[in-house]
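*Asks:* Here's the feature list from TrEMBL:
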- 167-184: compositional bias 'Low complexity' (COMPBIAS)
- 207-218: compositional bias 'Polar residues' (COMPBIAS)
- 167-230: region 'Disordered' (REGION)
- 27-60: repeat 'WD' (REPEAT)
- 69-101: repeat 'WD' (REPEAT)
Amino acid sequence: SVLTVACEQTEVLLFDPISSKHIKTLSEAHEDCVNNIRFLDNRLFATCSDDTTIALWDLRKLNTKVCTLHGHTSWVKNIEYDTNTRLLVTSGFDGNVIIWDTNRCTEDGCPHKKFFHTRFLMRMRLTPDCSKMLISTSSGYLLILHDLDLNKSLEVGSYPILRARRTTSSSDITSSGSSSGSSGPRAVGSPCHQNDSGPLSEKHLSRSSQREGGSPRNSLEVLTPEVPGERDRGNCITSLQLHPKGWATLLRCSSNTDDQEWTCVYEFQEGAPVRPVSPRCSLRLTHCIEEANVGRGYIKELCFSPDGRMISSPHGFGIRLLGFDAHCSELVDCLPKEASPLKEIRSLYSHNDVVLTTKFSPTHCQIASGCLSGRVSLYQPKF
């Protein structure tokens, strides 16, 4: 019922998405750029900012914040929410993932603890059932925490490491309570593409740490996702989204030289490796498409439709609606044996600057997009 827009220069805009009427501007929502907005329920939402804070807001009383959360030491880029435990999960360029207990929220904030830390952190997401946490890095790694337990991990100081298809330097990943420093990514306009060195040796990998019937709680898998045309070149995972039914993850990747970008879909493959000696790999590339790399250095946030049948992807001065086939079939009904191109269903262009973000309405046949110059467009596509 409300479209919220995170803006540069401290603002949050609120619109009625049906009438396109401007409802309110929170002109000083933060002291720096607003990066992300997450609704916790029908009235409460959270915003995060480059001012290192998270703010909670109530739609019924927008003149003041419910509270401000302090805990990050650098730009905060992501907000996730576990509706079952009412735990807020945030991540930032300080490399930290922090858990906030909104059950005990006061005007002074919420109790919080550091849950995870990794260098070059870009984006963090929870699967819809909150069984996994995915973290992407500017050095091309994708980290997956399996069988997620946000409460339990506040207490522990280590994560069982699963055998990965490709492994990363052990010095780049530290668990809760670590004092290891972070060399965070640069600004969004020029993400750091530094490659980590040195594989994680065999003695650091847990070969028999799995519980009967699955992985141990909060076990860590480290992957280097396959990106077309990037096998011999590093890449940065700039955008990370999850299929609404938890079947797949959606990545936007850019090359180290910023001359190529790709939108890629990876299916989740559950279970242990077929052979004990074979590398574990929970993701398989199923679909991909090359993107127009307009606005180099800027991150373009893409998304799934509420039913998971389409992808809305920023493309130059507009967006492309992409499907797994020409009929917008379910992913599970058109899984290819080898990676196949995503099908372009429709292109929509109404901006005069580079589109940076797009979002489907969860309740209406409507898509919103926002561009670098600040314009927001609403579409009701007809097929």
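Each Cβ is built from the backbone N, Cα and C atoms, and glycine gets one as well.
Keep in mind that what you see is a predicted model, and the values were worked out from it rather than measured.
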*Asks:* Would you mind splitting the repeat 'WD' (27-60) into helix, strand and coil residue counts from DSSP?
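*Replies:* For that range the per-state counts are 0 helix, 18 strand, 16 coil.
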*Asks:* Between 0 and 100, where does the mean pLDDT of the repeat 'WD' (69-101) sit?
*Replies:* 95
